[in-house]
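Q: Feature annotation from Swiss-Prot assigns substrate binding site to 73, 74, 75, 110, 111; the stated evidence is sequence analysis. The annotation active site is assigned in Swiss-Prot to 125 on the grounds of sequence analysis.
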């Protein structure tokens, strides 16, 4: 059942008024593949635009907080924690992991996915002048905790 459609098939924001407040957490990931030279420049802190990981981390955090402005039927949430981690993965990619949490009436999957996506887009934006062939890959939900549907873990789905 698609919860964002009413009985006439029209889109609407789901009413969560009667749902219980529970702890909710979601973890999402993304990956940016690039030339090894581009990754080395980032890791060595030699990028002319500055600290790529720091800017991408802040962009991801800000994006999580703005998710309801970007995704029309998402509820505005009072996030209590957002963490975005970036790391070099092998010789040619950056791995991004975003974690969002709150105590609330609806989940934070979209916030975690948005954080990971925007962090990846920020890396692309900052590095496109030196590497136009970068690819953003594997944006996915890794884990979801809390709420009526319970625990989801990607490797166990």
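Glycine is treated like the rest: Cβ placed from N, Cα and C.
Quick caveat, the model's predicted, so the values are computed rather than measured.
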Q: For a quick check of packing: other C-beta atoms within 10 Å of the C-beta of residue 73 (substrate binding site), how many?
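A: I count 13 other Cβ atoms within 10 Å of it.
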Q: In angstrom units, rounded to an integer, how far apart are the Cα atoms of residue 74 (substrate binding site) and the residue listed as 'active site'?
A: 26
Q: To the nearest whole angstrom, state the Cα distance for the pair the residue listed as 'active site' and residue 111 (substrate binding site).
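A: Roughly 21 Å, rounded to the nearest whole number.
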Q: Enumerate the residues of the same chain, 73, 74, 75, 110, 111 excluded, that satisfy the criterion Cβ within 8 A of the mean position of the Cβ atoms of the recorded substrate site; list them in sequence order.
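A: Near the substrate site, beyond 73, 74, 75, 110, 111, sit 67, 68, 71, 76, 77, 106.
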Q: What number of additional C-beta atoms lies within 10 angstroms of the C-beta atom of residue 111 (substrate binding site)?
A: 28
Q: Minimum Cβ neighbour count within 10 Å among the binding-site residues 74, 110: which residue?
A: 74
Q: Helix, strand or coil by DSSP: which one applies to residue 75 (substrate binding site)?
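A: For residue 75 (substrate binding site) - judged by DSSP and reduced to three states - the answer is coil.
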